[in-house]
Amino acid sequence: VTSGHKDLGPLEFTGRIGGGLRADLKRRAPFYASDWTDAFRPENMQKSASIILYLFIAALAPAITFGSRFLDGTNGQFGVLEMIMSTAISGVLFSTFSGQPLSILGATGPFLAYTLVVYDLGIAMKLEFMPLYFWTCMWCAFITICVALFDLCALMKHVTMFSEDIFAGLISLIIIDGIRPIIQNFSDGWFGGTSSMSLMSAMFEALLFFYTFGLAIYLSHFRRTPWLLRPLRNLFANFAVTISLVTASALAAIYKTETNLRMLNVEAELAPALTLSTGAKRPWIVNPMGIETEFPWWGIVFAILPAVGFAVLGYLDQNLTSVIVNRPSNNLKKGPGYHLDLFVRGALTLPVCAILGLPLSVASTVPSITHVISLTTYEVQQLPQGERKVPVKVVEQRATNFLIHVLIGCALLLAPVLKFLPRSVLQGVFFYMGIASLTGNNLFDRLFLWLVWEPKNYPAYTYIQKLPVKRVHLYTFVQLICLAILYGLKAIKETSVVFPFFMASLAIIRKALRFMFTAEELKYLDSYPDADEEDALEPQPDLENLPEEPKAVETAEKDRDIADIAI
């Protein structure tokens, strides 16, 4: 540093109120015009167009699926249309004003779980949910703005892969939990339950569930099969979830009357899900002082408690995704905007969701990673130990993100069609999302090592080569205990309100691991391995003998190959 000004990184405390926010604005402002034009350069047009359509489907399917879970979990307070609207509005605002527009906003498992916690709190305190939710979101917006103004994103320096893997594991478990309604159907069919589900209906819903899940799994890997031509293989793989959802719904339509299938509860017109005692739909604008009953003043103060939990979840979800997107290995040039991203959520997206009564959207990890990878051009470098794909160019812009969410907003016009989607099909999509998200999680990779009893059969992971296996298993066991505690806190109603705070404490637990593991052990267990070292250990495919596989990865189709592996 030759100037008199200290060179502060994006995750450093500036010591000034709004210092980090101003630094983010200064860093990103020179690129704002090019953020809108780079996607439409001749060399980027084809890539951008394919990504918009690809991620529109990839983001719409989770919005519909999460919306059905919100509908069931909140007893009809909000549902599919509200979730689609939240994803569209939040995504448009975020892509327009954020510091890192490559992040894709949507619903996540922890936000689903905690919204249901707030609903249960409202019932326990005899408070009307929508006004309670309004004040919770507004308090959360205030806390989020304060976090951005006081540079608290800098605390993310202390969050390592230890916390990232546990957090990602929780997301996977919450999504996988979607199989529970299928099991409950058989319980109702055999022993009688709260629903009128017959055994035949339960069996057919299970069939649709496993058909949707199995077909999505198969088609997502279809591009690596020898069948058909490569463009057709890519087409089937890119739209695996959509094809599974449409064909399963068509199969259900044939036998709908005979099996008494439960369909998605969506209004034919663009109206909120909540029906008032008068039989009318609630207004789109939430009255913060009560819709059907007067909301007490102490409820406004009480809403601070769940708001802090929402703020912690939003902080972790948003910043963990941003850290992954802005990872140096992605070779981004325009720089991050951690504080600006959080400020946009607090000042724009959270208040809009509060006023309209919509589920909250936040940066979603898997779509964001897919977005980055799909916009990246790779080349293959030759190394003495093998070959390595290296990103050489990323189309950094905000137009694709903006147009993806505009299309999601247009999907609101499909409301009359959505009511023909069986719930079991959506549960199959949800289960697929959970299983797919396990891939690439270091915690689950190391858990699978427990099933490998012969050391010679261990994968060539860096930590396996460098450390005793017992030490690797001990580290995995500590993470597994933390994940079990986190999931237990979420699952038990009496403790569910505190699970975001335990999640935040994972960074402190990680600090305490210095007394159990040496610095050398933590270097390999809790950090990303050096690229050269990683390539030296992992066996590389013989690209010369693979049909239709060029050494230089320069097309959108090949980019989506890598994106599919990431998913």
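Just so it is clear, glycine is given a Cβ too, placed from its N, Cα and C backbone atoms.
What TrEMBL annotates here:
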{"type": "DOMAIN", "residues": "17-184", "note": "domain 'Bicarbonate transporter-like transmembrane'"}
{"type": "TRANSMEM", "residues": "51-71", "note": "transmembrane segment"}
{"type": "TRANSMEM", "residues": "77-97", "note": "transmembrane segment"}
{"type": "TRANSMEM", "residues": "104-126", "note": "transmembrane segment"}
{"type": "TRANSMEM", "residues": "132-154", "note": "transmembrane segment"}
{"type": "DOMAIN", "residues": "201-527", "note": "domain 'Bicarbonate transporter-like transmembrane'"}
{"type": "TRANSMEM", "residues": "203-222", "note": "transmembrane segment"}
{"type": "TRANSMEM", "residues": "234-255", "note": "transmembrane segment"}
{"type": "TRANSMEM", "residues": "295-316", "note": "transmembrane segment"}
{"type": "TRANSMEM", "residues": "337-358", "note": "transmembrane segment"}
{"type": "TRANSMEM", "residues": "402-422", "note": "transmembrane segment"}
{"type": "TRANSMEM", "residues": "429-452", "note": "transmembrane segment"}
{"type": "TRANSMEM", "residues": "472-489", "note": "transmembrane segment"}
{"type": "TRANSMEM", "residues": "496-517", "note": "transmembrane segment"}
{"type": "REGION", "residues": "532-567", "note": "region 'Disordered'"}
{"type": "COMPBIAS", "residues": "548-567", "note": "compositional bias 'Basic and acidic residues'"}
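Within its own chain, the transmembrane segment (496-517) has Cβ neighbours under 8 Å at 110, 113-114, 117, 120-121, 155, 158-160, 162-163, 166-167, 170, 305-306, 308-310, 312-313, 315-316, 471, 474-475, 478, 482, 485-486, 489-490, 525-526, counting only residues six or more beyond its boundaries. Only pairs six or more apart in sequence are counted, and the transmembrane segment (337-358) with the transmembrane segment (77-97) gives three or more Cβ pairs under 8 Å, enough to call it a contact.
By the count of Cβ pairs under 8 Å, the stretch nearest in packing to the transmembrane segment (51-71) among 77-97, 132-154, 295-316, 402-422 is 77-97.
When Cβ distances are compared across the two stretches, the transmembrane segment (402-422) makes no contact with the transmembrane segment (132-154), since fewer than 3 pairs at least 6 residues apart fall below 8 angstroms. At the 8 Å Cβ cutoff, the transmembrane segment (295-316) and the transmembrane segment (104-126) share at least 3 close pairs (sequence separation 6 or more) and count as touching. The stretch in 104-126, 132-154, 234-255, 472-489 that contributes the largest number of Cβ pairs under 8 Å to the transmembrane segment (77-97) is 104-126. Panel annotation: around the transmembrane segment (104-126), residues 55, 59, 62-63, 66-67, 69-70, 73-75, 77, 83, 86-87, 90-91, 94, 132-133, 136, 167, 170-175, 299, 302, 305-306, 309-310, 313-314, 317, 349, 359-365, 367-368, 370-371, 401, 404-405, 490, 493, 496-497, 499-500, 503 of the same chain, lying at least six beyond its termini, place a Cβ under 8 Å from a Cβ of the stretch. For the transmembrane segment (234-255), the residues of the chain that approach it from at least six positions outside its boundaries are 54, 57-58, 61, 204, 208, 211-213, 215-216, 218-223, 228, 261, 420-422, 424-426, 428-429, 432, 557, 560-561, 564, judged by C-beta separation under 8 angstroms. Within its own chain, the transmembrane segment (472-489) has Cβ neighbours under 8 Å at 162, 165-166, 169-170, 173, 443, 446-447, 449-450, 463-464, 495-496, 498-499, 502-503, 506, 509, 513, 516-517, 521, 525-526, counting only residues six or more beyond its boundaries.
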